[in-house]
Amino acid sequence: MRVPFVKMHGLGNDFIVLDARVQDVPPMTAALAAALADRHTGIGCDQLVLLEPSTSADFRMRIFNADGGEVEACGNATRAVGVLHGAAARIETLGGELQVSPADGGIAVDMGVPRFEWDQIPLAYPMDTHTMPVAWEELDQPTAVNVGNPHVIFFVPDTDALELDRLGPEIEHDPLFPQRVNVNAATVVSRTHIRLRVWERGVGLTRACGTGACATAIGAMRRGLVERSVTVSLPGGDLRIDWTDEGRIRMTGPAVESFRGTFDPATYGTDG
Ligand SMILES: N[C@@H](CCC[C@H](N)C(=O)O)C(=O)O
């Protein structure tokens, strides 16, 4: 058997999409996801996305990081799946139900409501998540937001000057974050513009992180640094993030298909 896949990306954050609703897909394991994600011996991606039937929404989206770990949310992949679907849809994820709809500038996603309690991030012990009483080297006290998945946000004078490839893994694995964490380094350019780089849990530095853009925008809004509608510029391009009057996060941006192909599961140690 050969398994069809679609390769997609949102601002250079890239995905393998497998659709188990319409084709046979081998049982997904951490080892298989990591093998397919390998950029030298697999197809290569930041996240593998598996579409399955849902009993509560239009379909279910499962997300696996490049290290094979299954996670709750992925903003860019949600837009990519929205492009594939081609119409408005309700999508079940581990992080909650998301809604996608075509919009000016690509696809809009209702990412739900942000969570700020220490045990919702989650953190290992109670603390203020608005201005966390912790310090890493020269960094100012960060803020933490859960937007389906956990994020810590550092506001820095110049995100490009920060050694995120060195600090990111250290903070991702700090015992303060029992489920590890996505690490965001943000520079507020104006009241409507943020520059952002992200060290993603289970992946590393990526060209863009949709949930990182949402968490950072909300963290900046919560601190009163920006308006409730901002552009977040990532290395791969721009996203617009709104915090609506209903308290929901709306993310708008592009996603595109790169190519399609098939793979033989036997190559990856499974016969499907
Ligand atoms: N690239 C994503 C986030 C993917 C999951 C993240 N690495 C995690 O472990 O939570 C996005 O666009 O949001």
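Just so it is clear, glycine is given a Cβ too, placed from its N, Cα and C backbone atoms.
TrEMBL annotations: computationally assigned, not manually curated.
For C74, the entry in TrEMBL reads active site. C74 (active site) falls outside any helix or strand according to DSSP and counts as coil. Long-range C-beta contacts of C74 (active site), restricted to its own chain and to partners at least six residues apart, with a cutoff below 8 Å, comprise F15, Q47, V49, I63, N149, G210, T211.
The active site, proton donor annotation in TrEMBL covers C74.
The annotation active site, proton acceptor is assigned in TrEMBL to C209. Under DSSP, C209 (active site, proton acceptor) is assigned to coil, being neither helix nor strand in the three-state scheme. Sequence-distant neighbours of C209 (active site, proton acceptor) (same chain, 6+ residues apart, CB-CB distance under 8 A): N13, G75, N76, N182, N184, L196, V198, E200, L234.
Under the heading substrate binding site, TrEMBL lists N13, Q47, N65, G75, N76, N149, N182, E200, R201, G210, T211. Of all Cβ atoms in the protein chains displayed, 30 besides its own lie within 10 Å of the Cβ of T211 (substrate binding site).
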Point to revise | Check: same-chain CB within 8 A of substrate site center, minus N13, Q47, N65, G75, N76, N149, N182, E200, R201, G210, T211 | key: D46, I63, V71, A73, C74, A77, V198, V203, T206, C209, G212
Check your understanding: For the binding-site residues listed here, N13, N65, N76, N182, which shows the highest count of neighbouring CB atoms within 10 A?
Key -> N76
Review point. Which chain-mates of R201 (substrate binding site) that are at least 6 residues away have a CB under 8 A from its CB, listed by sequence?
Key: N65, G69, V71, N149, P150, E172, R180, V181, N182, V183
